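Student: The structure is given below, and queries will be raised subsequently.
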Amino acid sequence: MEVTAHYIGGKPFVGDTGESFATLNPATGEVLAHIEQADERVLAHAIESAKLGFSVWSSMSAAERSRCLLKAAQLIRDHNDELAELEVRDTGKPIQEASVVDIATGADVIEYFAGLVNGLGGEQQSLGSNQFFYTRREPLGICAGIGAWNYPIQIAMWKAAPALAAGNAMIFKPSEETPLSALKLAELFTQAGVPDGVFNVVQGDYRVGQMLTAHPEIAKVSFTGESGTGKKVMADSAATLKPVTMELGGKSPLIIFDDADLDDAVSAAMVANFYTQGEVCTHGTRVYVQRAMYDAFVEQLKERTEKLIVGDPMNMETQIGSLISKSHLEKVLGAISSAKESGATLLTGGFQVTERGLEKGCFVAPTVFVDCRDEMPHVQNEIFGPVMSVLVFDDEDEVIARANNTQYGLAAGVFTQNLSKAHRVIHQLQAGICWINTWGNSPAEMPVGGYKLSGIGRENGQETLLHYTQTKSVFVELGAFDSPYA
């Protein structure tokens, strides 16, 4: 099988590094491609290419950059089905998700920043009759994006959109588990007229990430991944004082009060745990249900969860796809075993699905544990699989304290018909992304990111564009220079 490589300088690039790795379809075990591992020479070539691209791109007007990005967004939409299928084969997620969410929401973000950048400007202020100052918002230079494997192309677009809109170049490293869709995205940027070298893709494992974060010519790093790796990214970046944006792990609370709509609450809990087979950092895996609703909630949850369809991700009927890898499958099954040993009651699921031709994949039945306690390992630790923990609570103050008793602070949600209560509770929850009577919505206009060990900085929204710029202040004297020296 031919080795697939990088995308540098507006075209595919093979560095002849002598090292490669296979990327698999996790649902079938099929080898999709062999990917070249980048080395120092490949990265050096990407840096030089990005320098050239940056010199051209940053000299273009905001309107010119906006037109290129809008064309790219339309090309991405035109290739929605092709990109969705590629994403499904590389991640194992259901096509019914990828075909309507992953590609479209990424294109939304590109369009959003393409529109926003036209209003990006500085300020001017008079300091008297002969003096004034003005500021300029200037691009940083070459930015690095390091992606995760659960939403590969969406994450690539979320990172590229504000960086490119502000006039920067980007070197993007996808996860070695899901390296394919970023290459197609790079092609589409080139087709849209984005200058060569502005968006480059380098492939490889953690070693490539370390080279990027430590490189003195990388001006900023945006990373999505787990919290432990995020600490290493931040430490490496600190050596050259480069700013970082990090969207990290979570163990988010979903709080359901007894006045909530039961059907909606159960629906939200299922989406917040089983969407993308549980491999979503913002998932609400700690589901707190007020005692008066608990029994009815658990009864409906069990019935509806057992109707979910686990199957071939390319089948439009499938609702639960394959986990990303055999090693991750073992991790999730290990967490399920630990939950049983800790005394939680298995309500449903809890096993690997192997029938109907799924034996070569990494499928886990949607799993729900009840009779959970806050100190149980599966309640405290991020599992990143279709495993829900249901906990009972009695009053508002109690559940707020319990919900906040975690090292993470990525997301939180509240279901109640009392909007005063909803806002009161949300304002006390230590989380950066919050929902009231819904779960998971993340429009381009809304900044997203975490508190505590769940991250630094934000993606999407107006403030993100500013983080890809630096402020230059210019003081102007119109009169004679007033020197203190004779």
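Just so you know, the numbers here start at 1 and follow the chain as drawn.
Glycine is no exception: its Cβ is also placed from the backbone N, Cα and C atoms.
Quick paste of what Swiss-Prot says about this protein:
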type	residues	note
ACT_SITE	K159	active site, charge relay system
ACT_SITE	C281	active site, nucleophile
ACT_SITE	E459	active site, charge relay system
BINDING	T23, D90	K(+) 1 binding site
BINDING	G147, A148, W149, K173, P174, S175, E176, E226, S227, G228, T229, G249, C281, E382	NAD(+) binding site
BINDING	L241, K452, G455	K(+) 2 binding site
MOD_RES	C281	cysteine sulfenic acid (-SOH)
Student: Find the one among the recorded positions K159, E176, L241 whose C-alpha lies closest to that of D90 (K(+) 1 binding site).
Tutor: E176
Student: Fewest other CB within 10 angstroms, which one of the recorded positions D90, E176, E459?
Tutor: E176
Student: Of the recorded positions G147, W149, K159, E176, C281, which sits closest to G455 (K(+) 2 binding site) by Cα distance?
Tutor: C281
Student: Listed recorded positions are G147, E176, S227, K452, E459; which of them have CA atoms within 10 A of the CA of K159 (active site, charge relay system)?
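Tutor: For K159 (active site, charge relay system), the recorded positions whose Cα atoms are within 10 Å come to G147, E459.
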Student: Including all protein chains shown, what's the count of other C-beta atoms within 10 A of the C-beta of G147 (NAD(+) binding site)?
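Tutor: G147 (NAD(+) binding site): 27 neighbouring Cβ atoms within 10 Å.
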Student: For K159 (active site, charge relay system), what is the secondary structure by DSSP, using just helix, strand and coil?
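Tutor: SS state of K159 (active site, charge relay system) = helix.
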Student: Please work out the number of neighbouring Cβ atoms within 10 Å of the Cβ of L241 (K(+) 2 binding site), leaving out its own Cβ.
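Tutor: There are 7 such Cβ atoms around L241 (K(+) 2 binding site).
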Student: Could you check the recorded positions K159, K452 and say which one's CB has the fewest neighbouring CB atoms inside 10 Å?
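Tutor: Comparing Cβ neighbours within 10 Å for the recorded positions K159, K452, K452 has the fewest.
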Student: Nearest to S227 (NAD(+) binding site) by Cα, among T23, K452, E459 (recorded positions)?
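Tutor: Checking each of T23, K452, E459 against S227 (NAD(+) binding site), the shortest Cα distance is to K452.
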Student: Reduce the DSSP letter at L241 (K(+) 2 binding site) to three states and note it down.
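Tutor: L241 (K(+) 2 binding site) sits in coil per DSSP, no helix or strand.
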